[in-house]
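Below is one structure; the comments refer to it alone.
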Amino acid sequence: MASVEGFAAVFYSEPGVLGLLGNVVSAFLLCLQNFTTATTGLGPRAAEQVLAGVHLILIGGFVQLLAGFLAFRKYDHLGGAAFLTFSALWSSFGITRVLSATYPTPENTTLPFGNSSQLPATGTALPSSSQSAVAGLVAYIAISFILSFCSATVNYIMPFIFGAIALALSFEAVALFGEWALVVSAVLELGIVLCGLYGAVALLLKGITQRYVLPGFGHPLFNVLLLGSAQKSSSKALGEEKKKNTKYAEPMALGNICDTASPFIFAFYFFGYVKNFCVGAAWISIISSCQLLSSFYSYLRGDGYHTTKFGVHGLLWLVMSWEEFVLSTFLGLPAAQDSRLGMFGAWFFLATSCLLFVLSTHKDTLEMLQNASFILLTSAFIHQIPLAGARPFLGAACSLCTALSLYASFASLINSIGEKVLIPVGPQAVSSSALQAVLGAVRTCLWKSRDVPSGTSAAVPDALFYICNGLAAAAAVQGSVGDPGRQQLSIPAVLIPGALGQLFVCRLQVRGGKRFGSVLPFCYAAFWGAWTWLRLAGHLLDITAGNAEGFTAGSVAFLVLNAFLILLASSFNLVLLCLTLVMELLTVCFLLFTLEKLPLPFETSLANCVFGKDLLLMGPPLLTVQSSKKDGEDPLPCVCPKSHLTSGLRTIAELLNTGAVCGVPTDTVYALAASCRHPEAIEKVYRIKDRPQEKPICIFISNLEQLRAASPPISPLLWEFMENVYPGGIGCIIRKGEWLKKLGVGAGYSRVGTQDSIMIRVPDLTVLVHLIDMTGPLAITSANPSGEVDSTHHDMVISRLGHKLEGVLCDGESDEVVASTVVNCTKIDE
């Protein structure tokens, strides 16, 4: 039976083969087109452009998208960031080809206000799509050079591939203005093909044979540690301490890369180098989709801050890009000035950016500077600023965001590869404990009590849920009635966070398995989608309040559904209850609008963002769900202390020292632990698991120095092997002997291992190492009934075996989903 969480990273093959082949085929296609154009002097026809664009999207885009997914799951920081970045590049290049074939002439078209009969007809000419793409190409040139340098710390094939991509993009940008560069670009793309094919074959052979047959991988051009040394200062200098998570690669580099490309494209536009944002909107839409993926992988790693940050940034770029597309393509700058004055959605982006800045004060200096630059950007994005003054300010703010994000991309990728701080990012401004104390003081002032009411805890996606509703509601506020230009400009600001953003939150909620699940964001996504198409876009689609019978029926149905959501929200917290009540009021207004009974617009904004758990109080539930258990009855079957508390470790250590069996976390999956000094406890482990007696149990020690002190008969070769793999998820089987008693095994000598051998492991988990220091060597086996899947969360241990155990040390989700790898070292010298 497979675990619902998927396979461990070690079970995945080499996704780099797919990623490199995606680059190979895409580069080969461009190479052929460039050579043909250079030799014949004739550019590709419209049909050829469309076919080339579709191939780039399908092969360079979707194939590398899959490779990026698998690379993140394989804990490959470089591969995950690079393949998803180039997936966005080739997809954007393909979109540009399709648009250049559809809109070939550089004429501008302005959409007058009115209904659908005044929309541009199919084939209406827009500014040159190819030349409008130069901003995106320049952005990816810088990003490709960074990826090339970073990949040199991993192997010596990818630097040449990524470097050739950067140079090819440079000449592709030049070729937009002079055809002589097509030949140089084609030669470089041929180099991408040759190097990429070699790399793909080398990785494929490595995946098949499980060893490096061809050179190029396994040995970098230079060691990443040569870039610097790990800072050995306090946690105040390093920022917030991160819990190791080897399930998924770190997505921070990908999110920062997206924050590099998007503002750079905007800077070109705001400084006047690009007159129309049609192509820019397409490029930024693809880049923002990648940023939402970085938010998704941050959520999978349990990183609430980056989940919220990258989600908000992705929504910001999408809203800005499509608003500028509507403004530049349909309305025109002069006509839009008055319409923008009554739009208030940008104020909520500014408030959210300020909140992210405050919450980043306990992180590194670079993170604070990035958030400060976004405060400037969202300030310039406020619609009440006249366009003449706002556009240069926006261009400067986007340039600052680009510079900071480019450095952050380099630093986060190198630091992720080296798994330590090699590129300086600056110290903390405020310690984590100080920030929590401030938030706790705010909570105390609001509630006059230091006790947190029950039902107030927040989960990771909750912040995005409130932000999406707040953004949609703030954007729905209209300063006056009957302005079609304002309605058109408001469509992206309401539809993207209200519908698309909440569908993304819906996906996170499904993954999290919360009690509300995906019901709340899905229902509200449908509501904001209907609101957008009737209230804001109805005049374009010939739908008015007089012929909106379907919307009337839908609003009545939503009123009934939301009444049940109000009842459920009352058992959660006060903020959620207020949100559902306001949505009910909005639905009433929407119903009256469809019946033409609402004389004036009545939009209400709601904004709330929750970061962390129980730091910003959300209020108590008004209704409580009565438990079926009797008063005074312990709801847990055993003692379940928290691992981050010293008292919790002492509680479990005392139980183990008295002969109890407890569930403990390890660096792989949860395990059952018994003291080696109590053979009866080890016997109990067999009974708890229904484990066959012929299956031996291994022992865990805290460090190799303990093993050296016991003087086991271990050869120098085996010592060298252990020094390389410990601490870690490798279990070494070695010869058994009396030296085990010196190690502290004691009376349990005959009950661990076999008659001749014993498996020893040094775990890579600080909590478990401290516990072993308190108890001595522990007999360990996985915490699951024999024959069933491993336990990857303390809740699984409690529900499956809690009634048979004396205690479970609660440490949340485990870092892996399968147990350790066993290596027989008894004949290592042979």
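Glycine residues also receive a Cβ, built from the backbone N, Cα and C atoms like all the rest.
Quantities reported herein were computed from a predicted structural model and do not represent experimental measurements.
Of the listed segments 78-99, 452-473, 606-627, TrEMBL assigns transmembrane segment to 78-99. By number of Cβ pairs under 8 Å, the transmembrane segment (253-274) is matched best by 312-335 from the list 312-335, 341-359, 548-568, 574-595. Only sequence-distant pairs (6 or more apart) were considered; of these, at least three Cβ pairs between the transmembrane segment (548-568) and the transmembrane segment (574-595) are under 8 A, so the stretches are in contact. In this model, the domain 'YrdC-like' (646-830) carries an average pLDDT of 86. The transmembrane segment (78-99) makes contact with the transmembrane segment (280-300): 3 or more of their CB pairs lie within 8 A, with pairs spaced 6 or more apart in sequence. The transmembrane segment (132-150) and the transmembrane segment (312-335) are not in contact, since fewer than 3 Cβ pairs between them lie under 8 Å (pairs 6 or more apart in sequence). Within its own chain, the transmembrane segment (341-359) is flanked in space by residues 305, 308-309, 312, 316, 319, 368, 371-372, 374-375, 377-379, 381-384, 435, 467, 470-471, 474-480, 483, 486, 489-490, 493-494, 605, 607, 609, 611, which lie at least six positions past its ends and keep a Cβ under 8 Å from the stretch. Counting Cβ pairs closer than 8 Å and at least 6 residues apart in sequence, the transmembrane segment (280-300) and the transmembrane segment (312-335) reach three or more and so form a contact.
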